[in-house]
Amino acid sequence: MRIEEDLKLGFKDVLIRPKRSTLKSRSDVELAREYRFKHSGWQWSGVPLIAANMDTVGTFSMARVLAGFDVLTAVHKHYSVEQWQSFVSSVGEETLRHVMVSTGTSEADFIKLRQILALSPSLKFICIDVANGYSEHFVDFLRRARDVCPDKVICAGNVVTGEMVEELILSGADIVKVGIGPGSVCTTRVKTGVGYPQLSAVIECADAAHGLGGQIVSDGGCTMPGDVAKAFGGGADFVMLGGMLAAHAECEGRIVEEQGRKMMLFYGMSSASAMNRHVGGVADYRAAEGKTVSLPLRGPVENTVRDILGGLRSACTYVGASRLKELTKRTTFIRVAEQENRVFGRAD
């Protein structure tokens, strides 16, 4: 046993210090990024936000809308091959290039992944997703996927430390997914005592990934557009959003009525709700590590996306970054004791 004394920070612990700017308008800010990925060699450009691969966020309906904003969707792994086939035949190449195909790490998952990828050469992204990216089995699956799919962009996670980021990149990942426990409906930290404050994880993991020519995605912990800006400021190449995109018309979630008001259920993918739906319940040997909440219906997701993109542009103007690419270099974080004035409640 040992204790690390260094202070680790989450998004709520900091603000971004404003700096002199020559920008005249938020409209002058370019949010698109361009990446050439280490292993696949594929070059991609777009707005580096990703809808999370949760079954009430990473949906086909979400992918159709977000592609119009040049934003990615990690489509959840619970669609059948037949459902994928129907989706692929109903959308164009431009939508498919904004889609990540999510997979677990079982043999059945591997077979299904190959069947889905065979549907269209425009499906370029793979998202290998497990709660604990530190397992040897996970790394072996990643190596196998890289061998079979040399031209695909592989995003793999989740991890929170630099040495494991390096391990995954050297094993075939182009992008490493960073975050253990920060999600709005994740209870891993309270059930297990395991985790890492998200901003510090992003800063440390980005440093490790960039040293090897890889990228990271900050997954979890964003509750408002300012948190997204902080993630990019901390060095994230992509930011994945779950709760911020939940309960919209495109989420395909279950709608319930509470006190005469229509609500949508939103739950973590390790919650009892998710396991009851997809694997027949919580196994005897494990605990659920997610919770279920009911959220007011929020209408079309496009309004929320515009709000997030607007917040990002505004953050860039406050520090003089004409492009999102410049935000990290222009960011100085200051530690704070409070984030906002809540005399009239929390901001939306």
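A Cβ is built for glycine as well, from the same backbone N, Cα and C atoms used for every other residue.
Close to G234 (NADP(+) binding site) in the fold, though at least 6 residues off in sequence, lie L199, V202, I203, A206, S218, T328, T331, F333, each with a CB less than 8 Å from its CB. If you look up Swiss-Prot, you'll see 108-131, 216-239 marked as NADP(+) binding site.
Annotation source Swiss-Prot lists K(+) binding site at G181, G183, citing sequence analysis. Sequence-distant contacts of G183 (K(+) binding site), defined as residues of its own chain at least six apart whose C-beta falls under 8 angstroms from its C-beta, comprise D219, G220, G221, G242, G243, G268.
Taken from Swiss-Prot, the feature active site, thioimidate intermediate covers C186. For C186 (active site, thioimidate intermediate), the count of additional Cβ atoms within 10 Å of its Cβ stands at 25 [all protein chains shown].
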Length of the line joining the Cα atoms of V228 (NADP(+) binding site) and C186 (active site, thioimidate intermediate), in Å:
18
C-alpha of C222 (NADP(+) binding site) to C-alpha of C186 (active site, thioimidate intermediate): distance in Å?
13
If you skip the near sequence neighbours and keep only those at least six away, which residues in the chain come within under 8 angstroms of R114 (NADP(+) binding site), Cβ to Cβ?
V148
As a test of the contact definition, list every same-chain residue at least 6 positions from I126 (NADP(+) binding site) whose Cβ is closer than 8 Å to its Cβ.
M100, V101, T103, L113, L117, A145, C149, K152, V153, I154, C155
For the C-alpha pair, I'd like the distance in angstrom between G181 (K(+) binding site) and I216 (NADP(+) binding site), rounded off.
17
C222 (NADP(+) binding site) CB neighbourhood, other CB atoms within 10 A:
27
